[in-house]
Amino acid sequence: MGSKSPEGHQQIPDANSDELKPTKGDPKVNQRGSSSADLDRGIVSNDDDDDDDDEKEGATPAISASAPDAEKKKKRKRSKKKKVKPTTLLGKDLKQSIPPRVLLSNLFPAGDYPTGELVPYSNTVRTTDEELRYNSRLWDSDFLSNYRQAAEIHSQTRQYAQSHLIKPGATLLSIANGIEDTVRALCGHQGLDVGDALKAGIGFPTGLCLNHVAAHWTPNPGQKDVVLGKDDVLKVDFGVHVGGRIVDSAFTVAFDHTYDNLLASVKDATNTGIKVSIDARMSDIGAAIQEVMESYEVEIRGKTFPVKAIRNITGHDIKRYHIHGSKQIPFIKNNNRDKMEEGEVFAIETFGSTGKGRLNDDFGVYGYGRNDKVSGANLHLSSAKSLLKTIDSNFGTLVFCRRYLERLGVKSYHLGMRNLIDNGIMESYAPLSDIKGSYTAQWEHTILLHSGGKEVISRRDDY
């Protein structure tokens, strides 16, 4: 999911400027408005009652049939349960179901999860001061196991989505639910008990962005169903975490071959960014990505468009339970002298567009992230205090959306959320779009920088 986290927000310039911003966008919330559905527009109202317990509905007693009438009724035939179809995803002896519901740890009882693509470094005779610093506190014993488990869950989920969920005529809500239900099933954590979602599960809300919308759109309550069309270009960006180790990977789907060159340009650019070795400066990575991507053009309905690298969104490093760290990887030539260093984890992603190559905040709210540098100790509003307690115990610093709150049974959270945003405790993230009529594409992988090489942890046969 591009660089999308509460931590990255403080570094994000205005979307209308030429400055770079991480992929998870500059959170902006319009404080005007009235209705509950308006929260999706970034509008929250003052109409919520702060005391959520004031409105209580009485229970309606069930009406049962009399005994004679009940005897006359025919017994219903029990419907046969739909059998889960087994299929081989991982070899002759390891069976996964369709939809995938077999716990991944049962498929890999020894914990020997598949590795990603291993790429050795070309320069092996060097150890920088930065690397010595990282080597002194390198990964704990569960680090690789957790990352590889998360990557395999991502792989099996997206392959199921590609073959069974993402089709013309499907609603984006059904696709999002299908992806997220699969992630939860494979990791064995439904996230309904307090703290369960922090053990393993969704890394951030599933991004399903159509056409000119490049990043940070997910279905949310109060919206009309959006149906995927055969002429649409869909970006699918979702994350999986195990123990806070987040795998962030994305791909683009187009049913019309008109857009093949657009997809190819961005995929090629992402792979170019991945090839750049350790010690590479962000300026060099960005220049290489831009050169490759902008060598492509695409013909759409008789008109030729150059593919432009989107200039005000970036890739990023990943920290534990934080989808975005402090380092950014632009997709264009730049003056950033930061380096990729041993011991770090990066989301290498690129976005290309047939439009202006610059994104602006669009209508709505994608999700919310906790600013863990701001305490809630001075909150006075009871609904804000209650909501913050729910957020901290269920999501921590993981980005979440309104669907996830309502899945937990949280109601009347609008006023509380607005208060948390006003106090800098929560940040909101808007969808990011190029001009209407344009088309955008995205490809992304997570890489781990080992001592002997890099591991493209999310790489599989599909991309």
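Quick reminder: no glycine exception, Cβ is built from N, Cα and C everywhere.
The divalent metal cation 2 site recorded in TrEMBL includes His316, Glu349, Glu444, and the single candidate from Asp232, Asp248, Asp256, Asp260 that the record places there is Asp248. Per TrEMBL, divalent metal cation 1 is bound by Asp248, Glu444; the candidate from Asp237, Asp461 named for the same site is Asp237. In this view, Glu349 (divalent metal cation 2 binding site) is surrounded by 31 other Cβ atoms within 10 Å of its Cβ, with every protein chain counted.
Of all Cβ atoms in the shown protein chains, 26 besides its own fall within 10 Å of the Cβ of Glu444 (divalent metal cation 2 binding site).
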